[in-house]
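Student: First, the structure itself, so that you have it in front of you.
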Amino acid sequence: MADQGVDSYGTYGEGGGYNGCGYQADYPPQEEDAASDVTEGHDEEDQMYEGEYQGIPHPDEVKAAHRAARAKARAAGNAVSELEELSQQYEDIMEDCGHGKFQWTLFVVLGLALMADGVECFVVAFVLPSAEKDLCLSNAEKGMLGLIVFLSMMVGAFVWGGLADKVGRRRCLIEALAINCVFGFLSSFAQGYGFFLFFRLLSGIGIGGTVPIVYSYFSEFLQMDKRGEHLSWLCMFWMIGAIYASFTAWCIIPRYGWGFTMGTEFQFHSWRVFVLAAACPAIASLVGLTFMPESPRFLLENAKHDEAWMILKQVHDTNWRAKGQPEKVFTVTHIKAPKTAEDEFIEIQSPTGTAVQRWAVRSLTLCKLVCTVTTHPTQFEEYESKVKVFHKERVENFHFNFSLENQIHKEGEYIHDKFISIEMKSVKFEDSLFEDCRFEDIKSTDTVFENCTIHSTVFYNTDLWEERFINCWMENTTFVHNKHGCHLDTEEENDVLIYLVSFLGSLAVLPGNIISALFMDKIGRMKIIGGSMLISAGCSFFLFLGFSQSAIIALQCLFCGVSVAAWNGIEVVTVELYPASKRATAFGVLNALCKLAAVLGSSIFASFVGITEVIPILLSFTALVCGGLVALRLPDTREKILL
């Protein structure tokens, strides 16, 4: 360590000064041979390292060698900054604490939070087929529900990431998960579209903070040689969340009996039960976090030395007791930390600008600091235009006893026809004539009549009310026993394909997670990112060949399995590139950009549906290739100590 007479650190321990003021530790310093109560009766000389006669270096000798190498490199190089010296000391302390029970417990708790994030991405998609009937949703409203998921998570990532660097990782994660749980619970009881949208918006803002906080939080309890592997294993919980969402949706939503009604105003069908079940991972993580401590690295950045020391001692004692070595003593008596936890962002000071101006400059400065390029892998599905257009058809004395779906009828003539006990989904009649027709027991979704002439026609027990007829002229037309509102069809079987495809796609991520975890520290982050993105680009290119639906599903599974390795590498690199004071903030900005890319990707892809698949596929292919090539040129961070 640098000479205490000239360094600019506060010191935790005996006789240490803090910010120019005297600071006396609450815990007396321990000598190197000090023993705690639990060591009584143990003689360290009686214990023998079993690898001694096999020529295997003792782990403590390996750690000492690493520290000596780092000290030699510091001595040979230029002057070490305050932040680098703190980082090196913190790495030494984490090596002494070891990797064990404490990290694995935190791993599970934070993994459940990531699992909740994975579930959130699928909740709306799985409930829409049922909720569109229950809540009377139009296509525009369904699109807004899908969009609000990523928009709210984007806002949440940006907000919670910044807050985590200011008020603490643990506190922000608890508050974010609590918001997600509360409003996720309320959304399951919302009877109208407006309330459901509002509650899902707030729920998404809450869960949006999990990714930037979880990785920053967990990385600060890991030593350098464990960081890449264990952060990659942590990524697997997102996959588990997707599998959990697919499986529970498959098990619950088709079971229409899992619900109840209270008159006509309150309905609680099975899809609402699924929304409640989706909150379980967040609740479990929230409970677990109440037993976890704050990140000691965050506390040191904010000059809370005593709390940091106590937590580091807790980590040390928990791990070594679990390993059967309770005699090991936490010998750290001095922890260096900066005098102040100053924010290096450029800001307009209070006397020279308004609060809005300071916020604007702060946000702009933050964006300039984010220089790591990330790409959002886009999953592809086969989209075809299934809309059938009928022009100037004439139908007389015909009985329609089959469902009509995705059809447009222009300038048609229907004379003495019957539409009995059928479903009409996304059907539009334009400039058509209906003469002496009968519509009976009709269930419709997104069906309209526009500029039509309707003579001597009866609508009996249908849900075709006034809003479905736009600029239509009616004469001698009767509506009897009209249905009002939307009606959930409890007899219609749900298409399980949506659950199956999601389940297979999520399960396909498993090999990529395992490979990235095993090789992240062996071959390097950049090679994994670059190689995975280039292979993913190849998968997207094969969509040009127009395979069958089963082949498209297989390609999607391959894409998911490969691209997740790139995503894991990006998560690890992001943690390692930014200092502790800005780590969660930078992670939040980058995660928000990923969500923005998802929104833009969905919008661009949707605009080409029914026109061509070539342009979106080429855009995705180009983005993946460029991202992969750029990643290969970035420096490796395997041996980088967290700043």
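Each Cβ is built from the backbone N, Cα and C atoms, and glycine gets one as well.
What you are looking at is a predicted structure, and each value in this text was computed from that prediction instead of being measured.
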Student: Given the ranges 551-571, 614-634, which one is assigned the annotation transmembrane segment in TrEMBL?
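Tutor: Going through 551-571, 614-634 one by one, TrEMBL gives transmembrane segment for 614-634.
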Student: Sequence gap of 6 or more, Cβ distance under 8 Å, 3 or more pairs: do the transmembrane segment (273-292) and the transmembrane segment (104-131) meet that?
Tutor: yes
Student: At a Cβ cut-off of 8 Å, and with pairs 6 or more apart in sequence only, do we get at least 3 pairs between the transmembrane segment (587-608) and the transmembrane segment (614-634), yes or no?
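Tutor: Checked: the transmembrane segment (587-608) vs the transmembrane segment (614-634), in contact.
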Student: Counting Cβ pairs under 8 Å that are 6 or more apart in sequence, does the total for the transmembrane segment (496-516) and the transmembrane segment (614-634) reach three or more?
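Tutor: With fewer than 3 qualifying Cβ pairs, these stretches do not touch.
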Student: Taking the transmembrane segment (104-131) as reference, which of 143-161, 197-218, 230-253, 614-634 has the most Cβ pairs under 8 angstroms?
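Tutor: The stretch with the most contacts is 230-253.
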Student: Out of 197-218, 230-253, 614-634, what stretch is closest in contact terms to the transmembrane segment (143-161), meaning most Cβ pairs under 8 angstroms?
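Tutor: Looking at each of 197-218, 230-253, 614-634 in turn, the most contacts to the transmembrane segment (143-161) are made by 197-218.
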Student: State the non-local partners of the transmembrane segment (230-253) in its own chain: residues 6+ outside its ends, Cβ under 8 Å from one of its Cβ atoms.
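Tutor: Tertiary neighbours of the transmembrane segment (230-253) are 99, 103, 107, 110-112, 114-119, 121-123, 126-127, 130, 214-215, 218-219, 222, 270-271, 273-274, 277-278, 281, 494, 496, 499-500, 502-503, 505-507, 509-510, 513, 516-517, 520, 564, 567-568, 571-572, 575.
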